[in-house]
Each structure stands twice: as structure tokens, then as C-alpha cells.
Ligand code: ADP
Ligand code: ASP
Ligand code: MG
């Protein structure tokens, strides 16, 4: 289908829609999500996550469960999740064999990884969650009378070979999408494909890191020049903080790309941190809504919004690893930091935040790879750094971030925040590098209380 405009043909506007794990958790959730697609003729490309809980199970298996009984138990859980959806299909026979084959592959890979786990095997195994869910979702759309076709995204979603946290090759993805995906868009079919997964140049399966389906959807939207990106999840949009932390969290109707990017970067799980990069490059507005209650509306993320507020939201990111490096040789010396970063770079340690004093430097480690959990400093990096300075590693910490606008110029912003934290011990305070955030570490045990306290003072009181 195309719109004819006197003497040249304009492609119809396309929406790329992404549904997260809870939106495809079971037959009922998949049916609700499928209805959203059916009701929107522009929604021609749908990317979905694995059914809720499936990626966690696959990660456990990928980490290598040596005990046969425990492994079988996880495999059985995977079978049950998918079988219960198959059981509710009108035509289970249309997908039963494919699902069975994929689950059999999972079993073989899980056995393999139990004796010799590897990052390649992890990605190959974990990718099965999305491969499974897309078969079921396509079938449900078809049983609802829509015309849907399943598409394996891996040959299009070209990445490098950093398994567990692969970096997409944007130019290659655009080229591959124009060859393999664009022709399908000319048909009347809805394309159902996988978030999270891709493949490297040699065809090996890769993943973009936990929560990466949002990013996949944005990359596809960019590659096909979609007009809108929709992210359907279990809450009606972005809130002033995670609604699971406080029921007083307030919905945000409209937010700028830069504010939403900061929220995502600082732990607002609703968006994978890289999601907005492609949307910003291509200026694609992003809508976030709840697949359980689409009628409730949601949040629009755009380039500019009218009157961005001083304080926008609070984000919380746990599983932080803090590394403190201390050396008297650092005092008035040059070259120390460059040596530190050379060593970290050599051991592929990605640094997130950093603060320095005359004799020490504290940094937190990046933690977005598919393996999950708090990242550790590799032993070889610790050894190399120890030759240069004292190395201390601390975990059990969370990062609290206040997101806003022109925070550095806002008189009294720091007092408004730290004046409320007399009962807590914030550490590694970062303020000033970005006009959009102020952040600090706190102990995991007090982190939710800190967010609640600040939310009450900065958001609820203002209301
Ligand atoms: P999906 O599986 O659909 O990708 P996620 O669990 O990754 O969903 O993200 C949705 C969750 O993000 C919500 O259930 C909510 O708890 C959490 N969240 C964190 N911060 C925020 C926020 N500021 N606004 C809304 N939701 C948030
Ligand atoms: N299924 C993957 C995960 O659970 C990707 C995603 O849901 O975005 O992390
Ligand atoms: Mg998510």
C-alpha cells in the first residue's frame, strides 16, 4: 500500500511498536497487545521481548547449572510458560513443532553450557526467549484475523562481537533493513520480530544487554525511517519515579529526549539506556503506554517540550560497584589517571561515574551486559592497578539520580536535596557535569527510603 501524491509516491507513515515481557507474558497479555496492533493500521512492525520471566530462566541456564535435576526444573518451567500459551491457541498445531524444536535446542545448549559456559553460548541460549515468543505472538495476531508474518531480525540487526552487550552497526542495519525489511513493508503483512537479539558479521547470535528490546525497536524505527516508536509496557508511561518505589509517583505526559535519556541512563528501567539515541538521530517521537490499559494514555518523548520543570524525576540504579584507587604519587603528578584508564581500557572495563581528589579517584563500573548483577573488576585489572595504587572495591550500593533542567543554575538545588538527607550517608556525589542531573551513591538497604524521602520533598510537597 502506498499514498499517491500527484506525481511521486510517498511511503505510508509507519509505527514501530515494541511490547515488553509482561505485555507478552501469557495468552491474555499477548491478545491484549495484539489488539493494540490490530487497531492501528500504521503499526506495521512489531518487536517483542521474551515472555515475562523467560530471559531470567535462560540466563540461569546460561550461567551453567551442573546439577541435572535443577537444570531439568528450569527447562520444565520454560516448557510450562510456552505450553500454556499453545494450549489456548485455536490452531496449536501451527506452531507446536517450532516451539518444541526451540525448547529442545535450549536443552542441548543448557547441557553444553553446564560443562563449558561461554559468552557466545550465553547469547545463543538467551536469544531463544525472543525466538519462542515471536512464533506465539504471530500466531495470535493471525488467529485474531490480522495478517502477520514472523521475521528473524538477526540478519538485519548487525552488531559487533561483544557478546552480552553487543554494539549495533547503525549503517549496516540501515542497509540490511532496506534490503530485507523494506520490501516486506510494501505488503499488507504485519511484521513480527524479536527485540534484544542480533548477529555479528560471522552470523553468530548476539544480544544488546538486558532490557535491550527497547533499543532494538528504536534501531529498527531509525533504519526504516518510521514516524513513531511506541513502547508498550506494564505502566502507563514514565512517572516522576518508579511507581514500584512509591504509589505517589506522578505520571509525566510529555518529556524531552534529553530528560528521558537521563532517566533511562540513571536506572529508570522503563527504557533501556540507549533507546533514545536512534530516536534522537532520526527525530522520531516516542510514546510509552501500558498494554494493559492503553486507554489511559501515556508519555510522549519529543525533542522539545513546553516549560520543562526544574525537577523532573528520581531514578534508582542498584548493583553498583565502586572502585576507589588511592596513591600518594597522584599528588601534583601527571599521567596517573591516564595510566589508570589505560589499564581499565586494556581489560575492557567500562567506567560509568567518576570523582577525584588529590590522592584518590573513585569510579563506578558499567553494568548493562546480559549476564546481569553487580559487575566485578577483573582479577587481571586489579593486579595491574595494584602495582600503581591501593585498590578498594565495594558493592551493595545504589545510585540515586535527580533528573531535571538547568540544575546547576537553580539556586539552592543542592540544599533542597541534601538538606533532606540528614539521616543517610550519600557518597560519590556527582553534580555539574550535566545540567540535567545530580546523583550520588547510597547503601542498598537505604536506597528506596532515600528516593521516597526526596520524592516527598521535591515532588509531592510542590504539588
Ligand atoms: P518491559 O518488560 O515492558 O520492558 P520493564 O520492567 O523493563 O518493562 O520496565 C517497566 C518498569 O519500569 C515498570 O514496571 C516500573 O516499575 C519501572 N520503572 C522504573 N522507573 C520508572 C519510571 N520513572 N516511570 C515508570 N516506570 C518506571
Ligand atoms: N528479554 C530481554 C530481557 O529480559 C530483553 C528485553 O526484555 O528487553 O532483558
Ligand atoms: Mg524493559
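Along the chain as shown, the residues are counted starting at 1.
A Cβ is built for glycine as well, from the same backbone N, Cα and C atoms used for every other residue.
Here is what TrEMBL says about this protein:
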DOMAIN    14-289  domain 'Aspartate/glutamate/uridylate kinase'
BINDING   18, 19, 20, 21, 233, 234, 239, 244  ATP binding site
BINDING   55, 130  substrate binding site
DOMAIN    400-457  domain 'Aspartokinase ACT'
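Locations of recorded TrEMBL features on the structure.
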residue: 18; record: ATP binding site; contacts (Cβ under 8 Å, 6+ apart): 46, 47, 48, 49, 195, 213, 214, 216, 217, 229, 230, 231, 232
residue: 19; record: ATP binding site; contacts (Cβ under 8 Å, 6+ apart): 33, 46, 47, 48, 49, 137, 232, 233, 291
residue: 20; record: ATP binding site; contacts (Cβ under 8 Å, 6+ apart): 49, 213, 214, 231, 232, 233, 234
residue: 21; record: ATP binding site; contacts (Cβ under 8 Å, 6+ apart): 49, 50, 51, 52, 53, 54, 55
residue: 130; record: substrate binding site; contacts (Cβ under 8 Å, 6+ apart): 48, 49, 50, 194, 195, 196, 197, 213
residue: 239; record: ATP binding site; contacts (Cβ under 8 Å, 6+ apart): 249, 250, 251, 252, 313
residue: 244; record: ATP binding site; contacts (Cβ under 8 Å, 6+ apart): none
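The domain 'Aspartokinase ACT' (400-457): residue composition by secondary structure is 23 helix, 17 strand, 18 coil, according to DSSP.
Taking a Cβ cut-off of under 6 Å from any atom of ligand 2, the binding-site residues 19, 21, 55, 233, 234, 244 reduce to 21, 55. Taken in sequence order, the binding-site residues 18, 20, 55, 130, 244 that lie near ligand 3, meaning a CB under 6 Å from one of its atoms, are 20.
The Cβ neighbour count for residue 234 (ATP binding site), using a 10 Å radius and every protein chain shown, is 17. In the predicted structure, the domain 'Aspartate/glutamate/uridylate kinase' (14-289) carries a mean pLDDT of 97.
According to its DSSP assignment, residue 233 (ATP binding site) is in a strand. In the vicinity of ligand 1, defined as a Cβ distance under 6 Å, the following of the binding-site residues 21, 55, 234, 239 are placed: 21, 234, 239. DSSP assigns residue 239 (ATP binding site) to a strand in the three-state reduction. Pairwise Cα distances among 18, 19, 20, 21, 233, 234, 239, 244, which the record gives as the binders of ATP, peak at 22 Å.
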